[in-house]
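Per TrEMBL, the features are as follows:
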TRANSMEM  A:25-43  transmembrane segment
TRANSMEM  A:81-106  transmembrane segment
DOMAIN    A:83-275  domain 'ABC transmembrane type-1'
TRANSMEM  A:118-142  transmembrane segment
TRANSMEM  A:154-174  transmembrane segment
TRANSMEM  A:195-220  transmembrane segment
TRANSMEM  A:254-274  transmembrane segment
Amino acid sequence: MTDVDSMAGPRPDAASRLRSAGKHALLIAASLVMIYPLVWMLVSSLRPTEVIFRTPGLWLNELYLDNYIEGWTALARPFDWYIVNSGIVVAGAVIGNLLSCSLAAYAFARLKFRLRTLWFAIMLMTIMLPFHVVIVPQYIVFNTFGMVNTFLPLVLPKFLATDAFFVFLMVQFIRGIPRELDEAARIDGCGHFRIFFRIIIPLMVPALATAAIFTFIWTWSDFFTSLIYLTAPDMYTVPLALRSFLDATSGSNWGAMFAMSIVSLVPLFLVFLFGQKYLLQGIATTGGK
Amino acid sequence: MSALGELSKLKTGGHQTPEQRAARRKEASRDNRAGYAFLAPWLVGLFAFTIGPMLASLYLSFTDYNLIQSPNFTGFDNLVRMLGDERLHTSLRVTFTYVLVGVPLQLIVALGIALLLNKGMRGLPFYRSVFYLPSMLGGSVAIALLWRQIFGTDGLINQMLRAFGVDATIGYVSHPDYALWALILLHVWTFGSPMVIFLAGLRQIPTMYYEAAALDGANKRNLFLRVTLPLLSPIIFFNLVLQIIGAFQSFTQAYIVSGGSGGPSDSTLFYTLYLYERGFTNFQMGYASAMAWLLLVIIAAFTAINFFAAKYWVFYDD
């Protein structure tokens, strides 16, 4: 950690303490601004709708749980139906990404094959490719095969490593694993698949965790793909279910909407809470040197 | 560093001796089959879900196609229609404003907070989590709904203003002059992910540079301008490129906040929203494909400009 203050000379005086206090005050104020809307939404989800529109504060006189009961049953199916739908898509996406991206990453990081540099450059470029350029033909194809209103368009591409960002992340990680380990295994007669499954996979668990967490967060919140492929209400994922509150209640039942919004944010929050370490590690591997 | 660094490294290529080349070739033939076996899923995905669709959409952008009748080749008709499409121009204006204002604002806040947090701060993990969390939630429909309430006529902002005695009656998300700004604010609110990348970058700057500069009598301002900024410039560049690419593709927030319309009066009609409307509400697949390719060209142009300009301000230490 670089401490510029201490470099200019030791000055543990009142002025520097004041400065430090000022910095903390600034950061605490910024934290409050950032977090206030979230806490307010949580508190508001426990208030009757008409109170939500009158109360900017955070105090609660009573816990009004009706929003949650109402919200859970406001749509054609109970809300857990949509949670299960989202769960299926997320599980498929996570498994698909971990499998396909780690295979490709092993090839790029450890194997020398013809045109590798070209494929690697293409892979890097696809990270930056806007999704919209491929969405129309993809839709046409999935539509032709009758896969609209199934989860396949949301899950199948993940099994083919289309999220190139994770391939790159894993390549970076595998490059950091000492080659001596695979060399030793190779001398012992291990083929590439054994090296991959027995040596590389166990060692790259942190990278797999990072990829799994990012995939979870992005897939759970993904709205655009669901909106395009899932038009039958029974197939709705959580983001689509939330959107349909706007239509179902003509956007007026804010209590129920906030309650289900909170429900939809809980998994994200938990994953963030327990997975933050891996998210930060992942950023250090891809964003840093 | 990073995907961008990798790309620019590839261009320069490594120089190798003939022996090295021969050894490499031998190894290559041994690993060739295994390499393609491991790469197979990715290659199938590349052709089935990326290159194939790209070529198909390039073709479709010269056609009229409604999903029912087969595509009808119309040459440059779509392009001509795009030139005269007022709403398309509006959507470009809205998107450019969002990108050109939102991205720099977000990065400035991210860098500012990262600098505050960097100096051996007590409570760093706490602050970092608090600032990082919103960027993990910001893409969700739930947060977009929250924004719709907060910036509504009787939303949180106006409630607070009223608590301070201000007669606040403007519904920001329903006012054409303010709606886009509410979305830009939402973008700034998610500054946590670039901030975390900045923090990782700041940690890489060797302490000795600061020590040397301090010995030479550099003040804080000089330390920042002459040491921190140049050494952080690759990270700033990385964030800038990725955030611009991402911001051009924003969809969910504008869709939810405007109820899918891009309103009021098209003031939040993001390019992607209009593309969605043309392609998936009106099923004008040809026109939507042409729009998608224009988006690709715009994003590629921005990225190219970034890479070109990088020569003048991005400093590589190695």
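Note that Cβ sites are derived from N, Cα and C of the backbone, with glycine treated the same way.
Remote same-chain residues near the transmembrane segment (A:81-106) are listed as 75, 123, 151, 154-161, 163, 166-171, 173-174, 192, 196, 200-201, 204, 208, 211-212, 215-216, 219-220, 226, 234-241, 263 (criterion: CB distance under 8 Å, separation of at least six residues from the stretch ends). Beyond the ends of the transmembrane segment (A:25-43), by six or more residues, the same chain brings 56, 58, 60, 258, 261-262 to within a C-beta distance below 8 angstroms of the stretch. Long-range Cβ contacts of the transmembrane segment (A:154-174) within its own chain (Cβ-Cβ under 8 Å, at least 6 residues beyond either end) map to 89, 92-93, 95-97, 99-106, 108-110, 123-124, 126-127, 138, 200, 204, 206-208, 210-211, 214-215, 219, 222, 225-226, 229-230, 282, 285-286.
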